[in-house]
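Q: Can you keep this structure in mind? I'll have questions shortly.
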Amino acid sequence: MKRAFILVLDSFGIGATADAQAFGDVGSDTLGHIADQCAQGLADNAERKGALQLPNLSKLGLAMAHKESTGRFAPGLDERADIIGAYAHAAELSSGKDTPSGHWEIAGVPVLFEWGYFSDKQNSFPKELTDRILARAGLDGFLGNCHASGTQVLDDLGEEHMRTGKPIFYTSADSVFQIACHEETFGLDRLLELCQIAREELADYNIGRVIARPFVGPGKGQFARTGNRRDLSVEPPSATVLQKLVEEKQGRVVSIGKIADIYAYCGITDKVKATGIPDLFEATLEQIKQAGDNTIVFTNFVDFDSAYGHRRDVAGYAAALEYFDKRLPEVLELMQEDDILILTADHGCDPTWPGTDHTREHIPVLVYGKKVAPGSLGRRDTFADIGQTLASYFGTSPMDYGKNFL
């Protein structure tokens with residue numbers, strides 16, 4: 001029975017890539033810099049303290065993959081762990097360092113074109129675009145129109161939004177158009193309808209995602225995003241390994257978290273909603289228990305990126321990694337004879353780095369299975385090696401990019 005479980009620790013980079021200079025990210029290292037801060041006692045909080053402790057990830061080869069990427073061991077990680085998995089560090093072939101590019105490349109389809117971006121920090125959006133969106137939505141104005149941190153923009157504009165009913169439009173260094181609205185005063189359904197309008201009006205702009213950012217709370221300092229985020233992505237430019245599994249093998253692909261949104265539902269047969277790392281982990285365990293032949297269970301743990309990476313919260317990121325590590329044996333215990341587990345990431349988001357954007361880094365590729373030979377798989381030239389390996393494993397037609405590493 002062929003089953004594969006892909007767990008994406010969103011933004012968990014393990015060292016800058018050779019092309020990081022083009023992105024302003026030379027020296028970035030999400031794992032290494034978190035470990036450095038922990039070792040120096042600078043990442044203590046109510047949940048954790050001291051050196052970074054990731055014994056189970058280290059057994060799967062995380063510390064070794066990081067060393068092969070950066071030339072050094074991350075302090076606190078076990079350099080002498082008994083390695084039980086195959087490990088690698090992978091560079092990105094895609095032109096960007098964004099979520100869709102990383103995920104699509106993982107599934108065998110790198111993004112070789114350039115996304116459209118709203119590069120102006122202020123007055124970011126063309127007036128003709130926002131005029132069309134407002135007219136179709138029956139709105140008389142909007143707030144924002146800038147690059148912004150997703151939590152700071154709520155403090156800056158949330159109360160005015162509640163008072164006026166005007167949605168908050170903002171963007172970032174990624175190819176995104178984000179809309180924040182209060183779930184209670186504006187309405188979640190209304191926000192999602194507005195995002196669909198924006199998605200349609202952005203057809204000629206080559207923007208990767210429209211993101212609905214619902215929030216709640218009575219006022220500044222008390223606003224909080226809810227778990228009802230939606231990502232409206234464009235479709236991948238060609239068939240991913242997910243689509244090939246479904247179409248060629250009548251297989252199942254179970255999306256947990258925002259996976260379905262990222263792939264614009266292409267190649268997704270089942271969607272499980274869960275919010276927060278504990279609930280995402282529980283949902284993953286449940287779906288592994290239920291999974292049959294020719295099934296991929298695919299989970300994105302978005303909080304590493306959204307709650308800790310972008311927020312530059314080193315202690316929070318470290319605590320979340322340690323929580324994930326403690327629960328990892330629960331997945332390993334469910335593995336059957338022919339199963340494959342792949343732990344990876346889609347880009348970096350170094351919480352010690354200037355700004356609030358992603359970082360261009362190698363991703364870890366940690367592979368475990370009872371029939372997988374442990375040891376180094378070296379440097380992979382593209383995330384698409386994961387997709388090609390899955391295509392070979394499930395016996396689908398091969399992908400155009402990537403090399404099988406098993």
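Just so you know, glycine gets a Cβ as well, placed from its N, Cα and C.
According to Swiss-Prot, the feature Mn(2+) 1 binding site maps to Asp10, Asp346, His347. Per Swiss-Prot, the feature Mn(2+) 2 binding site maps to Asp305, His310, His358.
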Q: If one measures from the C-alpha of Asp346 (Mn(2+) 1 binding site) to the C-alpha of Asp305 (Mn(2+) 2 binding site), what distance in angstrom results, rounded to a whole number?
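A: Their Cα atoms are separated by 10 Å.
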Q: Work out how many Å separate His310 (Mn(2+) 2 binding site) and His347 (Mn(2+) 1 binding site) at their Cα atoms, rounded off.
A: 12
Q: Count the other Cβ atoms sitting within 10 Å of the Cβ of His358 (Mn(2+) 2 binding site), across every protein chain shown.
A: 30
Q: Asp305 (Mn(2+) 2 binding site) has how many other Cβ neighbours within 10 Å of its own Cβ?
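A: Its Cβ has 25 other Cβ atoms within 10 Å.
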Q: Which residues, in sequence order, are found in the same chain with Cβ within 8 Å of the centroid defined by the Cβ atoms of Asp10, Asp346, His347 at the Mn(2+) 1 site, excluding those residues themselves?
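A: Apart from Asp10, Asp346, His347, the close residues are Val8, Ser11, Phe12, Thr99, Gly102, His103, Asp305, Ala345, Gly348, Cys349, His358, Ile363.
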Q: Check the binding-site residues Asp10, Asp346 for other C-beta atoms within 10 angstroms of each C-beta and report the one with the most.
A: Asp346
Q: Sort out the sequence-distant neighbours of His347 (Mn(2+) 1 binding site) for me: same chain, 6+ apart, CB within less than 8 Å of its CB, listed by position.
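A: The answer is Ser11, Gly13, Glu92, Lys97, Asp98, Thr99, Ser101, Gly102, His358, Thr359, Arg360, Glu361, Ile363.
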